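Here's the structure we're looking at; comments come further down.
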């Protein structure tokens, strides 16, 4: 069995004292920095990239990978505790995770996120070790047409995400799509909706939008009713999930892992869809979907597992093709080239110690995350006991530092403040911000791939139906839409009448 | 209040005096106008590491990405010319930008004190592995006959792959459909997947794919073959000697930086380029290190002027603009 001897080689590399220490330090730094609101994995790795220059390549990559997982997990922590998603994949976690925190179940939410992530990480490591090579073909099957169809499917998830009025959800998705179109047009270089203002030329950063509309708006709302923030007064309750919680989460974790892992392999940031898809699935599977959005543990367990599985399988295109599927992986390519390893299809055969060492370190990194985070849960939860008058200035200050550090741009901080006001208005008028964020994330990918596909097909729209993978995805989207919208339309009517 | 101002002024004067006496006395910021990990960033970090040793002060890389690198360079151009803010410009920011950005806030030929050329990376012409044309001659013939059926992939308007392919297309009189991607990675992904037909890009991004046979290299746009890809013929060998381009990277200081400081920086840069280990790392990336004559501030000024003169008509004729 090749895979065992390969994994043995990997573990012999990753288990040296130095590399073990690097994995630990990476996960710890990643977690701590990732917990700063607004500082997601990309910003964290960019900031910490220079400190890896003194290390050997394997050690450097193990450290960076650790930072990546740590920051990814840290983003979920802020999503649960203060309703600020560190990056697109943590948006879904805010929905039920933060509700759980408000009900005094923050520890359980954090715990189940850590346990789900660990399970997903273990499975994903095995998938990568066993199937990396054959799965590469899947990534290459996806051209612009397939990508567009996949994003259409993603938008259907956005509709399902919504609580309450479908009309409002659709409106928010459209606003999200519009926001994603701000900036320099990729095909022509023309500026769109920038009003000639230079800082808008590169579009609106995800962190700016998410932090303003989620985090800052949440702060504004809390200031309005200081008593509404009852986390402080409530007893903290159990810190770790009970047997009952675990039983309830087992199936969502498994489904989330498979879903997230599959989407993570796709190039062009397919991993973004993982948590959304998992949330949709769980809501559909649930006996009582109305619990979702009100602190359902499945709504944290599934998406968090999907998130971590996707984070890991997105290494597959990088390791086997040498092509980074998203911005974080592009940074990894930079880190590898600085260390004199040019990632490509031959890394596996040319640098087997590096390749298998990294795969082994993924598993070790996940174990470290669990070891670091379970004890930290208590600390994070106690953080919520800090009086809010001390807490909110700290959130705002750290957020502003985080936002500034992403692009070293003062304009970003001002935009965040502006979006805070917008987000506050949304709350007041009963609009859910999550579909907006998903529309924003998918909008760019969708528009660009639509245009690419049409340029390649010379404007023939049938290209989406003629290509089998694309046609299949569109059919699934249609089916999902019917299943999702019909009952929801009926229900929202009922709700409207009830009011 | 007046007293305070006077003492402040004295302090500033003092600082300025000592700066002239012993530059550099604090860390130097080098603005890299692209995200960390990209080709220009890698060159800046490798060269900057050795320059720090010579100067006795750390060179801190600050990544200010945006608008094809012009955001970072505009910020650097406006910085105090005291030698503590320098920047890594490249072919795009100091060659193609005036044509692409009509509202550019700086003039590459006038607003800088050039320090010296750091390293360039050659440009390759690559196709999907089953493209009908097998070498540059066949490619030229194929493009003359069928260019309207062909799809070119590039990494976005204003990127190196965009500008260099614009030149190639205009030399061939070809009008392919140009498919824009966000960065080199996704563009090469679709080239490997056979969704698009050809691309022009920097060697560092392509070598592993070419060696693995997932894409085919037709030609390299340098006077000599590259040691990383000895089997790939040059454009001169392939019958297109006019197509000779390299994505160069060079260190600039803001206009008004004193000649003594520029000389010190240039000296540190030249020492870095002579260092065995630095050279090795740059060559591993497929980089081309400038010869002795090409490393002076004057040579860089000449290069910038000739590059602006070269790219402006090509890009204007193609109707390319990035804002």
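Using N, Cα and C of the backbone, Cβ positions are placed for all residues, glycine too.
Curation plays no part in TrEMBL annotations; they are all automatic predictions.
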Annotated stretch (transmembrane segment, per TrEMBL) among the listed ranges A:285-307, A:354-376: A:354-376
Transmembrane segment range according to TrEMBL, out of A:195-217, A:218-240: A:195-217
Distant-in-sequence neighbours of the transmembrane segment (A:323-342), which means Cβ under 8 A and at least six residues beyond its ends: 41-42, 45-46, 49, 52-53, 56-57, 60-61, 64-65, 68, 139, 266-271, 314-315, 317, 351, 354
The transmembrane segment (A:388-406) in contact with the transmembrane segment (A:195-217), cutoff 8 A, at least 3 CB pairs, sep 6+: yes
Local confidence of the prediction over the domain 'DUF112' (A:20-438), expressed as mean pLDDT: 82
Touch test for the transmembrane segment (A:138-160) and the transmembrane segment (A:166-183), at least 3 Cβ pairs under 8 Å: yes
Cβ-Cβ under 8 Å with the transmembrane segment (A:354-376): same-chain residues at least 6 beyond its ends: 6-7, 9-11, 13-15, 19-20, 23-24, 26-28, 31, 57-58, 61-62, 65-66, 69-70, 73, 110-111, 114-115, 117-118, 121-122, 124-125, 128-129, 240, 308, 312, 315, 319, 341, 347-348
